[in-house]
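These notes are about the structure you will find just below.
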Amino acid sequence: MPAPATLTVDLNALAANFRTLEAVGGVPVHPVVKADSYGLGAAACSRRLMAEGARTFFVARTSEGERLRAALGAEPAIYVLDGCLTGRAARLRAADLRPVLNADAQLAEWRAAGGGACGVQIDTGMNRLGFRPEAAPEPFEGLDLVLSHLACADDPAEPMNARQRDAFAAAAARYPGALRSFANSGGVFLGAGYAFDATRPGICLYGGGPEGRPDARIRPVATLAAEVLQVLDVPAGETVGYSRTFMASAPTRIATCAAGYADGVLRSYSPRGRVFAAGELRPIVGRVSMDACAVDVTGLDIAVGDRVELFGAHRMLDDAGAAAGTIGYELLSAINARVPRVYVG
Ligand SMILES: *Cc1c(COP(=O)(O)O)cnc(C)c1O
């Protein structure tokens with residue numbers, strides 16, 4: 001019996017997206033597996049990506065790197081995007097993690113602990129993390145990767161993309177021995193000049209399009225499905241759910257489905273969220289509650305125990321994100337630990 005709500009991860013689709021990203025970029029893909037592979041499970045996803053040839057991974061936190069090292073063994077290189085935070089050098093070294101250093105204080109911390117393989121992040125305009133190009137450190141022993149991050153890669157028309165690319169090329173030229181890593185998912189699709197030596201995609205591996213909408217080149221990977229807990233006939237004039245935000249204007253059949261905001265079905269799915277039920281896209285009605293949402297299934301052949309799809313092959317992740325007023329990244333990473341990840345392929 002599957003759990004009432006499940007997140008099914010199609011590892012063959014993940015592998016296909018990895019190969020597509022390598023083909024489009026023309027350089028190796030170094031997968032970003034932070035936040036537990038955007039909620040899909042970093043151990044299982046990374047193992048499959050290793051089987052496809054990936055040998056370098058990125059996480060955000062030291063703790064994520066430690067877990068990934070335990071799952072993958074000694075072979076792959078694992079970079080930590082937070083860098084070397086105060087007091088973290090020993091943990092990084094113990095797990096053979098490579099910090100992506102963001103500031104002089106991090107570099108000093110890393111060196112004081114003995115240094116070793118690491119990267120440097122150059123901030124080419126996003127103003128989030130990294131050295132400004134004019135303040136970037138001199139080349140030093142152990143530095144094997146230089147990266148920067150695009151602020152608007154999901155918008156190919158944005159002129160800042162080319163400015164960041166050129167600023168990165170200039171800054172990276174100071175470090176001839178270091179591998180240059182620039183493009184995230186959107187960047188992979190911006191053209192050959194953006195790929196540099198290796199790309200660093202996340203969301204496109206996991207089934208989101210490079211421009212925040214479904215893209216025929218990217219296969220859906222994750223399916224969030226929920227069991228129908230109850231089917232009820234609501235007479236005209238009655239309301240459904242908390243705060244009476246939906247009133248039946250005619251007799252309405254409602255399926256109460258076992259996925260609520262504690263499972264990652266954001267409350268903002270109402271009122272525009274839709275669910276694939278018995279072969280059709282149907283609206284979520286009323287408020288999403290913690291453990292359940294209500295779907296208008298009037299006229300459908302649907303029964304208790306059937307499953308509906310919140311996103312997956314029939315309801316694309318990016319479309320679900322847009323309906324919820326957010327992005328696919330947030331939908332994936334919001335899925336609670338109580339939802340079992342089920343791997344196929
Ligand atoms: C999250 C992240 C990525 C991956 O971005 P996607 O848009 O998911 O491809 C790449 N690089 C850095 C620095 C990141 O923080």
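Backbone N, Cα and C atoms are what each Cβ position is placed from, and that goes for glycine too.
According to TrEMBL, the feature N6-(pyridoxal phosphate)lysine maps to LYS34. Taken from TrEMBL, the feature active site, proton acceptor covers LYS34, TYR242. Annotated substrate binding site per TrEMBL: ARG128, MET290, in sequence order. The domain 'Alanine racemase C-terminal' annotation in TrEMBL covers 221-344.
A sphere of 10 angstroms centred on the C-beta of TYR242 (active site, proton acceptor) encloses 12 other C-beta atoms. Secondary structure of the domain 'Alanine racemase C-terminal' (221-344) per DSSP (helix as H, G, I; strand as E, B; remaining residues coil): 22 helix, 46 strand, 56 coil. Closest to the residue listed as 'N6-(pyridoxal phosphate)lysine' in space, going by CA atoms and restricting to the recorded positions ARG128, TYR242, MET290, is ARG128. Cα to Cα, ARG128 (substrate binding site) and TYR242 (active site, proton acceptor) are separated by 39 Å.
Rounded to a whole number, the C-alpha distance linking MET290 (substrate binding site) with TYR242 (active site, proton acceptor) is 11 angstrom.
Local packing around the recorded positions LYS34, ARG128 was summarised as the count of other Cβ atoms within 10 Å of each Cβ; on this measure the leading residue is LYS34. Note on MET290 (substrate binding site): other Cβ atoms within 10 Å of its Cβ, all shown chains, come to 10. Confidence in the domain 'Alanine racemase C-terminal' (221-344), given as mean pLDDT, stands at 97.
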